[in-house]
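Each remark here refers to the structure printed beneath this line.
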């Protein structure tokens, strides 16, 4: 039998339907792969007993002809999603051994459709990071290495565990979240496909909040088709999330293979950065050529406020984070470090519970929201955000169907190589992705090539609100032209 872990989700679904193998066999193959890949540190909690029980239930349903769209498919869940009776920590000490008594909407929809949970995946603490180095469980290793080197690289962040596990064939797909690039950047670093849907497309209920007006859940998968299948189950209106949008969920998979002839693809001139590596330039130009060869029309567009996106993002996101994280005080749940007074209890708990990056962002957020600086920083950043959104609206009003950009300014870097003394160096990783969150638009990262050291590089497509289907159609064109990339196993 083929190694079951090498199948795509779509192929596994066919195999299960034709009874070529069972969900239990598929699940066991992935559990074995997880055991062998512990060096990657992708999973922070493995749930083998639960996985096997869910697989048996899926097999019974398949046998009765009652299979859901994801029946028997083993998935990994980012540790930001609340999972009933399974520890959920956001990879922070402050949540300790918190075990939710409820299930997030996104994961409950995956279980409704028959998926199997393999365990919880590592991420940057409270999703704050671009390299998966801020987790209290330690950094995640990227399955990819530079040719001829033994240096362990980062998988990107904050959804580094999700991207690493999918790239290393430990799960058939994974949930992830994206606040400023946390799905698309790790996908680009690991040669996986990651889509950040339109804000409001997937419910945020039961997901640990970082920046509520920017956070959005989405899948990381092995192919555009797999990502489309997963997004259909994850998306949908949820009355429990006031920002969830009541728009019917289309069959995203039907968009795979759809003609892109006549589509207008915008190439934004502001994304041509000074000192951009020639490899990234070439990748971008290759992507444009592939879309043109498929019948799309390329047009240069202008997004004039792009250069203000990163500074505005690093005001808005920490401001919302400082408000959201105020609930972690050691009183009701999670870590509790006692003190002589309530103030001391808060101080001691937060000092011990929050890692340095989270503390930094909470302090930035508290500063920009303080009385003397609120107008100068926070209000101005929100005005910039409106201008960024307007740039995209103007572009789409001219008939542009999607915008093509690089996903990241470089390939993956080594653990500990960036951001030590200067956090801004790490923040610059999100330069191509934050605009999409600021405008609430959908964006997909698709593997498109390799750099001179054999590391994967990705391209990003940005779409109109709630037009993820076009992104899947265009993404699949790039995927077919570039081919599939798999890492050489070292773990």
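Each Cβ is built from the backbone N, Cα and C atoms, and glycine gets one as well.
Secondary structure at residue 78 (active site, charge relay system), taken from DSSP and collapsed to helix, strand or coil, is strand. Sequence-distant contacts of residue 78 (active site, charge relay system), defined by Cβ-Cβ distance under 8 angstroms and a gap of at least six in the same chain, are 120, 121, 123, 159, 161, 162, 174, 175, 176, 177. Residues or ranges marked as active site, charge relay system by Swiss-Prot: 78 (among others).
As annotated by Swiss-Prot, active site, charge relay system applies to 158 (among others), with the evidence given as sequence analysis. Classification of residue 158 (active site, charge relay system) by DSSP places it in coil, neither helical nor stranded.
Per Swiss-Prot, the feature active site, acyl-ester intermediate maps to 182. According to its DSSP assignment, residue 182 (active site, acyl-ester intermediate) is coil.
With the fewest other Cβ atoms inside 10 Å of its Cβ, the least crowded of the active-site residues 158, 182 in this structure is 158.
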